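Q: The structure under discussion is supplied below as structure tokens; questions concerning it will follow.
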């Protein structure tokens, strides 16, 4: 006979026949005592290893368990017991397909928004620092890699909030891969990658998958080094950047908790106790006093934003109130900037794409306008010259090329007019008017509505003839077609019809939606309830081991 000390889902001592009992029997006994519906709901962990049932040929002694061995019993993350093999296969296939679509969508979005291409959407993804200022980090490749990493990290965090930790881990892995494509020197002074690594280890922990123990320790070491490099020793650099605020407390709490868990499963009890005790101190620091919360609620703020403000400001009510006011102003400013950017994108779309499918650079356009050039003409010069301002200026000051630019603009306007006229013609023909009468009416009147009002007043048989005298108003149609065609050949205009870009709108919306809801403090905004429970659980396990 031997005794096993059980902790976690059920705490107590079991007397077992080490040479007779199997893992399956031990699991069944612990499940019965803990009230779990089936043994499959439990993971049994000993010395950092998950005990597997195997083929039931090995007893507990053969697996290395001895008298007074410690066992951690934890609830399995997912109980798929009872599902058919077919159901599991289809679910896994759907999940794999969705993750593949997500990665492809992130790649396409990042490419589209990092290289100066004209956005398909009426918004643009741009990198910002913690102050909300637009920044450009490294080369175009670096920008694309960072954008992909940020989108996937945000999506992974959303899955974590929904407690879909397995899917979150897959997405975070893709995010880490994306960040790895960036020049390390470009991102070593920001904390995005270390925070992603901490989030990955948190997923390991919530899945209770102890098989990740060794890689989890390495990730946390890298994360701690990265956090210190980005935030400074004792967070001195972050404190200066944040004006004395303490946004990082919850992040450090989670990191120290995970370090304590890993140390425990490696048998380093004192190291584990030190880390967990430090995490517990931070946990107590983050407990919001009722009177402080009540004060902010009375000011009209909701529960979540009030708690967030207090935690970010070390529970100081005055600083928290200032924080809330500043954040409201930042959101208003961001909405204003987003609206301005939407207007700019619509303007860029009006000017067309460069030969390499880029948007016209509005900053360079405004510079040319400021020295006296007409805006539409300057935009065409930049478009033709791939946003090279010097070459555009040469074309604008050269009479011959300037004339060619004007011809291209006229040609484009005529083409748009023809397209609008054809669309209007098709609409009116669909209403039952004959095409000859419709085209004559459209040539005479300025709009489709005016043409329709005229047509409904005319006898059907005479409708075309009655407009006849004015038909020559549009008599240059053939000439316009010729000039439009030659304009496209000479100028390489981007107004030629292009195949629509194939998009996975569902996945793109999922990615951009998460980013749209994020702000500079989102990565630090952690609800620490689960962390507090885990700290108590592992401190109890250490106490039990020390008293054994």
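Here, residue 1 is simply the first one shown, and the rest follow in order.
Cβ coordinates come from backbone N, Cα and C, glycine included.
Fair warning: this is a prediction, and the values are worked out from it, not measured in the lab.
Take a look at what TrEMBL says about it:
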COMPBIAS  499-512  compositional bias 'Acidic residues'
DOMAIN    22-71  domain 'Ubiquitin-like'
DOMAIN    287-327  domain 'UBA'
DOMAIN    359-399  domain 'UBA'
DOMAIN    416-458  domain 'UBA'
REGION    465-519  region 'Disordered'
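Can you tell me where each of these features sits in the structure?
A: Mean pLDDT across the domain 'Ubiquitin-like' (22-71) comes to 78 in this model.
The DSSP breakdown of the domain 'UBA' (359-399) into helical (H, G, I), extended (E, B) and coil residues amounts to 29 helix, 1 strand, 11 coil.
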Q: Using DSSP, break the domain 'UBA' (287-327) down into helix, strand and coil residues and give each count.
A: 30 helix, 0 strand, 11 coil
Q: Would you list the DSSP helix, strand and coil counts for the residues of the domain 'Ubiquitin-like' (22-71)?
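A: Helix, strand, coil within the domain 'Ubiquitin-like' (22-71): 15 helix, 10 strand, 25 coil.
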